[in-house]
Amino acid sequence: QINFVACQLFALLAAFWFRIYLGPSHASSAVRHAFATLFGIYFAVFCFGWYSIHLFVLVMMNYGIMNMASIPNIHRYSFLVAMGYLTLCHISRIYIFHYGILTTDFSGPLMIITQKITTLACQLHDGIGRQAEELTAEQNRLAVKTRPSLLEYLSYLLNFMSIIAGPCSNYKDYIAFIEGRHVHMKLLEVNWKQKGYDRLPDPSPTGAVMYKLCITLVSLILFLTLTKNFPMAYIIDNEFLDKTPFLSRLGYLYVVTQAAKPKYYFAWTLADAVNNAAGYGFSGVDERGAFRWDLLSNLNIWKIETATSFKMYIENWNIQTAAWLKRVCYDRAPWYPTALTFILSALWHGIYPGYYFTFLTGILITLAARAIRSNCRHHFLSSVPLKIAYDVVTWVVTQLAVCYTVAPFVMLAVEPTIKFYKSMYFHMHILSILVLLVLPTRPEAHSRRKPQNEAMQNSVKSK
């Protein structure tokens, strides 16, 4: 963990240097690719030693697949190899680092590289193997039309800005950043010249970086003061369970879950700041005309803490992973996209039983929350007091549902998870099942779109 923090802080300094002295106006794309790759490899070896060989093996295996596999199957082969290798490493990790001990190890970067490999493979398949009429607007925008060179491929997967803690980004965005087109491309997307400006500006990320470093510092302080003092294990302590009423246990569950968040806020916000310092992560202009640097942001803390629905919470937590799951699984799943997406998320995280308890519970609660929202929400929109009351109740229920769902994710093992759910009387599981039995549910939008997509594909094939 010390190596992790040291590498990220050094990467922050290197990112500033990279933007100032190796900017697109000072260095060629090849030089920028090479520098980003070599520094990334150095950081990986420094942090993980010989275990970093797993990163390089997976990268080269999939480079071979990308160049030798047929385009109709490139995304399937890449997905199977990347996820298969990651799963084998997750299994070996238990024996290397001992079951139940959370350690910053090589599996973290391997998880990010797996996301990038499968993202690029799917976008390459969309760009070369499918017709534009078959794609959604987002798939069309992100489709990759040509296979990358070895240097471009290595730079995308192993660059020093994201090798340690991510996040995953789209290949076209990364190449545009290296070539110096990234900012102007995003400004053109919002029709900057049509707003009365004569030329495209060159926005600086310094303000965004400083703001994110402040969040990182606050998160670190909270981690050092709260996380150690409110361990998740205490909620299944026998003395605590015997002496504490159910409602008080629910309140304490919320407290310990809040105390577990700062380490994620710290790691993800620092990773975002590193990319911004290098000049990567510009996303356009907001409603007030201010420049935005949240293209690679992995969380929105305000929306997380004020979420009034399970969906809103998930969409603002680990944002780039949620986007990856949507692009490689949800949008491409032939059936049950929600269930398959949660299962893939569990498999990607690892093989600890707690992950599967969390994501299987998440499926149930997501479906129940969707049914409640579609059947009940419109009744509370007729007046402001009703809407406020609805928001307050849904905020409380959402926060407690999230705490109930993620506790096994922290506990990892079967025994403490079962003990925890027994102490909670399985109340969220029971309530979710009752909701699904009583309230009518509508089919997912994904399922309703499928026949239209299939008809369009058949039409294209017949032509």
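Each residue, glycine too, has its Cβ placed from N, Cα and C.
Any TrEMBL annotation is an automated prediction that lacks curation.
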**transmembrane segment range according to TrEMBL, out of 163-179, 299-315, 333-349** = 333-349
**Prompt:** According to TrEMBL, which stretch among 77-101, 252-276 corresponds to the feature transmembrane segment?
**Reply:** 77-101
**Prompt:** Among 39-65, 355-372, 392-414, which stretch has the most Cβ pairs under 8 Å to the transmembrane segment (420-439)?
**Reply:** 355-372
**Request:** Would you mind listing the long-range same-chain contacts of the transmembrane segment (355-372), meaning Cβ under 8 Å and 6+ residues beyond its ends?
**Result:** 309-311, 314, 338-339, 342-343, 345-346, 349, 398, 401, 404-409, 412, 417, 421, 428-429, 431-433, 435-436, 439-441
